[in-house]
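Under the heading disulfide bond, TrEMBL lists C56-C61, C359-C362. TrEMBL lists R152, T154, W165, S217, H220, R252 with the feature FAD binding site. Annotation source TrEMBL lists active site, nucleophile at C359. Taken from TrEMBL, the feature active site applies to C362.
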Amino acid sequence: LTGVLDDCLCDIESIDDFNTFKIFPKIQKLQERDYFRYYKVNLKRPCPFWADDGHCSIKDCHVEPCPESKIPVGIKAGSSNKYSKAANNSKELEDCEQANKLGAVNSTLSNQSKEAFIDWARYDDSQDHFCELDDERSPDAQYVDLLLNPERYTGYKGPSAWRVWNSIYEENCFKPRSVYRPLNPLAPSRGGDDGESFYTWLEGLCLEKRVFYKLISGLHASINLHLCANYLLEETWGKPRWGPNVKEFTRRFDPMETKGEGPRRLKNLYFLYLIELRALSKVAPYFERSVVDLYTGNGHEDAESKALLLDIFRDTKSFRMHFDEKSMFAGDKKGAKSLKEEFRLHFKNISRIMDCVGCDKCRLWGKLQTQGLGTALKILFSEKEIQSLPENSPSKGFQLTRQEIVALVNAFGRLSTSIKELQNFKVLLQKTR
């Protein structure tokens with residue numbers, strides 16, 4: 001892959017260099033820190049769209065939850081919006097006062113009214129979310145140590161895995177059913193089309209809908225790259241050996257084997273990288289405030305984590321060729337608002353489809369990367385709110401939960417890894433020729 005990406009003025013070589021020498025080493029370090037390695041997730045939510053196929057029984061599909069004793073005290077005790085010690089103390093007082101106020105009212109409310117209040121609060125909270133968020137208070141939600149449950153090829157494949165991606169593309173990418181995606185095994189044979197009608201349709205879309213498709217395709221390409229780079233090569237005496245599988249990479253991305261589709265998918269990966277990079281540069285002011293502490297309970301560790309995160313933000317701002325999201329939703333106000341809401345609801349639906357993934361490890365990483373991208377979109381469409389944040393108090397207009405922060409950083413870390421792995425495959429392919 002070389003040259004300029006469509007829909008933005010950026011070339012692939014610049015992204016490769018920037019990622020390899022600036023971003024990748026730092027984001028790897030950040031992901032190892034306690035604040036970012038523990039992610040709370042509910043892997044038992046039922047699939048809302050079709051009857052469950054049953055879970056993958058392959059042992060590598062299993063996710064090992066983290067015992068409560070291993071979770072840092074600041075993460076375990078904190079609610080989703082508690083970042084710092086000071087915030088914890090003031091929040092407890094607020095909660096106490098609120099409970100006293102509600103106590104007087106609650107005795108006169110019927111259960112039905114109480115439920116309505118809870119629904120309203122949940123509705124208000126969800127208005128700026130692009131993802132269906134897991135309820136962290138659910139007894140089924142568990143902390144997972146991401147470092148001990150790495151994303152890799154587990155053997156989960158076939159109709160169940162295909163149905164998830166097919167549902168994402170067919171029902172959520174603004175595509176009419178009469179237009180068939182290239183290499184879609186469920187599409188009827190169409191002779192020598194090779195996807196031309198699909199790309200004619202895609203070029204005819206407005207920028208926003210074209211971007212939406214590219215984001216999903218880029219996420220799919222990134223996940224496929226992780227599976228090719230971390231493949232079960234052999235198992236000797238019960239000891240698995242994981243590593244890059246060149247044959248699998250070629251099958252999924254080679255121009256000849258994919259009829260030109262592979263390079264397009266990889267270009268969409270770069271496009272997604274630029275979108276999430278842009279979100280990181282935009283959200284920097286949120287984290288630069290003294291009120292945000294990345295609180296785990298270990299003061300020294302927390303200060304180091306924040307310093308490293310701010311260092312990464314400085315790098316993201318130094319990149320000269322960002323995607324310009326101002327061109328999106330820039331039409332008449334009414335039309336733009338309606339399109340943005342459609343965009344948000346489509347993406348929210350995709351986050352719900354991730355509960356249909358049959359392999360727990362694939363579901364964990366699918367949910368995390370989808371939530372990370374959803375958080376990036378939330379940031380890009382909240383620029384005014386971020387710019388007007390108060391310095392020394394939590395913001396009412398724009399908030400990120402700890403879950404969103406962890407997902408944002410780890411999802412971008414996965415994209416950074418994908419681009420690094422792509423460089424490794426280039427070297428391996430040269431050696432095999």
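Heads up, the Cβ atoms here are built off N, Cα and C, so glycines get one too.
Where the annotation comes from TrEMBL, it is an automatic prediction and has not been curated.
Taken over all pairs of the listed FAD-binding residues (R152, T154, W165, S217, H220, R252), the Cα spread reaches a maximum of 21 Å, rounded to the nearest whole number.
Note on proximity: among C61, C359, C362, the disulfide-bonded residues of the record, the Cα nearest R252 (FAD binding site) is that of C362. Comparing CA positions across the binding-site residues R152, T154, W165, S217, H220, the one lying closest to C359 (disulfide bond) turns out to be T154. Neighbour counts of Cβ atoms within 10 Å were taken for the disulfide-bonded residues C61, C359, C362; the minimum is at C61. Non-local neighbourhood of H220 (FAD binding site): W165, R265, each in the same chain, at least six residues away, with C-beta under 8 Å from its C-beta.
With respect to their backbone Cα atoms, R152 (FAD binding site) and C362 (disulfide bond) stand 8 Å from each other.
In this structure, the binding-site residues T154, S217 were compared by how many other Cβ atoms lie within 10 Å of their Cβ, and the smallest count belongs to T154.
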